[in-house]
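Pulled the feature table from TrEMBL, pasting it below:
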ACT_SITE  C270  active site, nucleophile
BINDING   D30, T84, T122, E159, K273, R336  NAD(+) binding site
BINDING   F156, L157, R158, E159, K214, F259, L260, R261, S262, G263, G267, K329, D428  substrate binding site
DOMAIN    322-421  domain 'UDP-glucose/GDP-mannose dehydrogenase C-terminal'
Amino acid sequence: MHVSVVGSGYIGTTIAAWFAELGHTVTNVDIDEDVVAAVNDGEAPIHEPGLDELMAAYGGDTLVATTDYDEVADSDVTFLALPTPSNDDGSIDLSAMKAAARSLGEVIAEKDGDHLVVVKSTVIPGTTAETIAPIIEDASGKTVGEDFRIAMNPEFLREGFALDDFKDPDKIVIGAEDERAVETLNRVYEPLVEAAAGDPAIVETGIREAEMIKYANNAFLATKVSLINELGNICKEYGVDAYEVADAIALDHRIDEHFLRSGLGWGGSCFPKDVAAIRAAAREREYDPVLLDATVEVNDRQPERLLDLLDDHTDVAGERVAVMGLAFKPGTDDIRYTRAVPVIEGLLERDAEVVAYDPVATENMREQYPDLTYADSAAEALEGASAALFVTDWDEFGALDAEFEAMADPVVIDGRRIVEPRDGIEYDGLTW
Ligand SMILES: NC(=O)C1=CN([C@@H]2O[C@H](COP(=O)(O)OP(=O)(O)OC[C@H]3O[C@@H](n4cnc5c(N)ncnc54)[C@H](O)[C@@H]3O)[C@@H](O)[C@H]2O)C=CC1
Ligand SMILES: O=C(O)[C@H]1O[C@H](OP(=O)(O)OP(=O)(O)OC[C@H]2O[C@@H](n3ccc(=O)[nH]c3=O)[C@H](O)[C@@H]2O)[C@H](O)[C@@H](O)[C@@H]1O
């Protein structure tokens, strides 16, 4: 099939590369000329393990990028993979989606024959049918369900595992109200289902349900982490090992072992904005989402708790303090809503001299905090530091040993249970 993907960011590039690998012809549309040039040169515009190889194989060949929406007309189906960030009040900002829908509508106006538009972005229930479809109708002068079709197909992949998650998903959710849309999407995914190592469930459902399934998925996982963090905080008060407790409750198959690592909490490009958007949407319908409010409150408190622990051990005013890890999780250079930011802010309020280290995210953080000192290695960050705060659970931090001997004062405060307590360091951890 000929598939087009509008937006070549994190999701758009990943799915475009995989659709090419599955044998589809792919046209990628983006407004960013640098992104378009990278794709056509066979280079990945984002950092994701394994993506460079796929881009080298298909970029500029069966995967071609363009800034020109007109090229979408040749495709059978268009996926909209545009950003849906937060407004200041937490509600969803649909401006990129609306702009893309209008541009796409203008192309559909000139097209003979059917076209399927699939919303891949995470959007609030009702958005696809009540906002996106009417914009396309208005710009094209055509009617949804008659002259073109619309569907919603949320994405559940994780950064750092994007390619593996996409090619071997637990489920593929197809939200559509007409048979032809369902049939076309099934054809797009058919080679993926055949190639998948597992046996992905195909969930055929309504458009609103598909939109809500995505928020429910993320809100559930974020709440699970906040719940284990709350329990971990109580464990700490009673001198109980929170990880031993988590390992034991995980044996109950109704709980399972995933997303039970307590610590500094969740960040990233999606949990914070998606939980904020669904809370704002609930309030708009005059429903008070008390549990989701608490999910965020617990998450917001974890960095403060880490800094309180530091205060229990030492006064860092005028002292060099190492911040170990800047990415919102290991395996990515993404620093969006990373827990490192409130930790760094708290240290600066305490007049500490911050030296930060991350294996891959340093350059991104330097743009936000150009005046901090950045170390090129964990050893360099620890040298002469009066305290070290572990923020991201990079494997290399678990292997640190003699490096601690170079600290001026070996106070180690662990936000992720990544350092093993040992003789020679003054260790404390959020949940240990
Ligand atoms: N990043 C992730 O891991 C996941 C993201 N999602 C959802 O996927 C959607 C896209 O997210 P990301 O890929 O992370 O966004 P992103 O910010 O990485 O990329 C968006 C791309 O769209 C382009 N763009 C913006 N306006 C445009 C327009 N009018 N026409 C054409 N291109 C335009 C930008 O230049 C950029 O390259 C969001 O709704 C997000 O919630 C869903 C699952 C996972
Ligand atoms: O909608 C999205 O964008 C994606 O959001 C998350 O994926 P991602 O943000 O890439 O990262 P996760 O691996 O889910 O981690 C999120 C945050 O939770 C934290 N976390 C995770 C698990 C855990 O046990 N403890 C914990 O603190 C991580 O450190 C990280 O800050 C979801 O896992 C994906 O299914 C979803 O598609």
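Any Cβ shown, glycine's included, is placed from N, Cα and C.
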Could you tell me the C-alpha distance between R336 (NAD(+) binding site) and G267 (substrate binding site) in angstrom, no decimals?
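Between the alpha carbons of R336 (NAD(+) binding site) and G267 (substrate binding site) there are 7 Å.
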Counting each residue once, how many in the domain 'UDP-glucose/GDP-mannose dehydrogenase C-terminal' (322-421) are helix, strand and coil under DSSP?
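Across the domain 'UDP-glucose/GDP-mannose dehydrogenase C-terminal' (322-421), the residues distribute as 31 helix, 18 strand, 51 coil.
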Which one is it: of the binding-site residues D30, E159, D428, which Cβ has the fewest other Cβ atoms within 10 Å in this structure?
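If we count Cβ atoms within 10 Å for the binding-site residues D30, E159, D428, the smallest count is at D428.
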In whole Å, how far does the CA atom of L260 (substrate binding site) lie from that of T84 (NAD(+) binding site)?
28
Select, from R158, E159, R336, each of the binding-site residues with a Cβ positioned under 6 A from at least one atom of ligand 2; if none does, say none.
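Among R158, E159, R336, near ligand 2: R158, E159.
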Over all shown protein chains, what is the count of other CB atoms within 10 A of the CB belonging to L260 (substrate binding site)?
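Looking across every protein chain shown, the total is 20.
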To the nearest whole angstrom, state the Cα distance for the pair K214 (substrate binding site) and T122 (NAD(+) binding site).
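Cα-Cα distance, K214 (substrate binding site) to T122 (NAD(+) binding site): 7 Å.
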Starting from the Cα of the residue listed as 'active site, nucleophile', work out which of the binding-site residues (D30, T122, S262, D428) are within 10 Å.
T122
By CA-CA distance, flag whichever of S262, G267, D428 among the binding-site residues is nearest to E159 (NAD(+) binding site).
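Result for E159 (NAD(+) binding site): the nearest of the binding-site residues is G267.
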For L260 (substrate binding site), just give me the three-state DSSP call.
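Assignment for L260 (substrate binding site) reads coil.
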Pop the Cα-Cα gap between T84 (NAD(+) binding site) and R158 (substrate binding site) into the table, whole Å please.
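Answer for this pair: 17 Å between alpha carbons.
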If you count Cβ atoms within 10 Å of each one, which of the binding-site residues R158, K273, R336 comes out on top?
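The residue with the most neighbouring Cβ atoms within 10 Å is K273.
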Where does K214 (substrate binding site) sit in DSSP terms: helix, strand, or coil?
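Looking at the DSSP assignment, K214 (substrate binding site) belongs to a helix.
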List which of the binding-site residues D30, T84, K273 have their Cα within 10 Å of the Cα of F156 (substrate binding site), in sequence order.
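Those near F156 (substrate binding site) - Cα within 10 Å - do not exist; the answer is none.
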Per residue, counting other C-beta atoms within 10 angstroms of the C-beta, which of the binding-site residues T84, T122, S262 reaches the highest number?
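Selected residue: S262.
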